[in-house]
Amino acid sequence: MKHNFGAGPGILPHEVLKQAAAAVVDFNGTGLSLLEISHRSPEFEAVLAEALKLVKELFSVPDGYSILFLQGGASTQFALAPYNLLPEGGKAAYLETGVWASKAIKEAKFFGDVQIVASSKESNFTFIPKDFEIPADAAYLHFTSNNTIYGTQVQKFFPSPVPLVCDMSSDIFSRKVNVADFGLIYAGAQKNMGPAGVTLVIVKDELLGKTNRKIPSMFNYQTQIDGGSMYNTPPVFAIYVSMLTLNWLKAKGGVEAIEKENATKARVLYEEIDRNPFFKGVAATEDRSHMNVCFVAENPDHQKPFLQLCDEKGIVGIKGHRSVGGFRASIYNALSINSVYVLIDAMREFAEKNK
Ligand SMILES: *Cc1c(COP(=O)(O)O)cnc(C)c1O
């Protein structure tokens, strides 16, 4: 078994992978593969209904919100959010905390005025800007809750005079969120919720239909809501594996229980980074992510040998993003604390060997 610290697609629970593998051959004793049954069959409709129910339950999604499973990844939502929520001639506010936020800004500019309320670009996104004003005449404020590449995370959500639109791709279901504080939440599944190929969208119904813009059917949240995420053929396998993963999370005690576990995993790892003279953290301490832990070797010559030691220990996916360098340990929901201790032991062994 490997210790999978990859940033995405990320680790999935082993028992989920086994169940998914079995369903590919014979889905629930039907004698058919999950991949060759109609998406309109009662069997698949039950899967979709269960997945929607789990999202609603685990995330306490209140009434007045629709839950969708769409395709095209979070990157498609960069465009669909303004397409559906930014009125013709209107303005949207954006917080720039990383490359994903910048890409969302780029797409929003196709649809209207974009006001960047604050940016940490000058410091290579090592922190989350805090004291900024949100224009009251904006259609919404868009931000990224967890910056996968830089290891920063919004620890306290902003009180806002306008609806909040949030890209939660890399920390969805990792902690409790008050959905009622948001107008739109979206997340590509492949970091913390399931496999690549499906994107979760949670949208407040009353915000829709106000743009005065014609929106093609597939890009219109309302069409997708009316079609129950089945306006066209949905990504059946990705939805199925997400459903299994959410069931696994529920059995573990849900979001509250995993939030505690994630906090412990992050704490012990950051403690080692701060204690061990061979390594140092990258992100501002108060903004440190509980999902992606970014750190570098104090001595750049130690980069390669540490990666080699990790390789020997079965630690994979730990090389940092090219724009940050160093190391990034992604400690998503499915990564056990035992794997975190294996990494910590490797860091200690490395320090011992090189002192
Ligand atoms: C990975 C990631 C994306 C891109 O997701 P795709 O599904 O590949 O489009 C967007 N935002 C964040 C925060 C991410 O971590």
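Using the three backbone atoms N, Cα and C, a Cβ is placed for every residue, glycine included.
Taken straight from TrEMBL:
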- Arg40: L-glutamate binding site (BINDING)
- Ala74, Ser75, Trp100, Thr148, Asp167, Gln190, Asn232, Thr233: pyridoxal 5'-phosphate binding site (BINDING)
- 4-340: domain 'Aminotransferase class V' (DOMAIN)
- Lys191: N6-(pyridoxal phosphate)lysine (MOD_RES)
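Location within the structure of each feature annotated in TrEMBL.
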| residue | record | contacts (Cβ under 8 Å, 6+ apart) |
| --- | --- | --- |
| Arg40 | L-glutamate binding site | Met230 |
| Ala74 | pyridoxal 5'-phosphate binding site | Trp100, Asp167, Ser169, Tyr186, Ala187, Gly188, Thr199 |
| Ser75 | pyridoxal 5'-phosphate binding site | Lys103, Gly188 |
| Thr148 | pyridoxal 5'-phosphate binding site | Ala7, Gly8, Gly98, Trp100, Ser169, Ser170, Lys191, Met291, Asn292, Ser330 |
| Gln190 | pyridoxal 5'-phosphate binding site | Gly8, Pro9, Gly10, Ala196, Gly197 |
| Asn232 | pyridoxal 5'-phosphate binding site | Met218 |
| Thr233 | pyridoxal 5'-phosphate binding site | His39 |
Can you tell me the mean pLDDT for the domain 'Aminotransferase class V' (4-340)? 97
Please state how far apart, in Å and to a whole number, the two most distant Cα atoms are among Ala74, Ser75, Trp100, Thr148, Asp167, Gln190, Asn232, Thr233, the recorded pyridoxal 5'-phosphate-binding residues. 31
Where does Ala74 (pyridoxal 5'-phosphate binding site) sit in the DSSP three-state scheme? helix
Less than 6 Å between Cβ and the nearest atom of ligand 1 is the rule; apply it to the binding-site residues Arg40, Ser75, Trp100, Thr148, Asp167. Ser75, Trp100, Thr148, Asp167
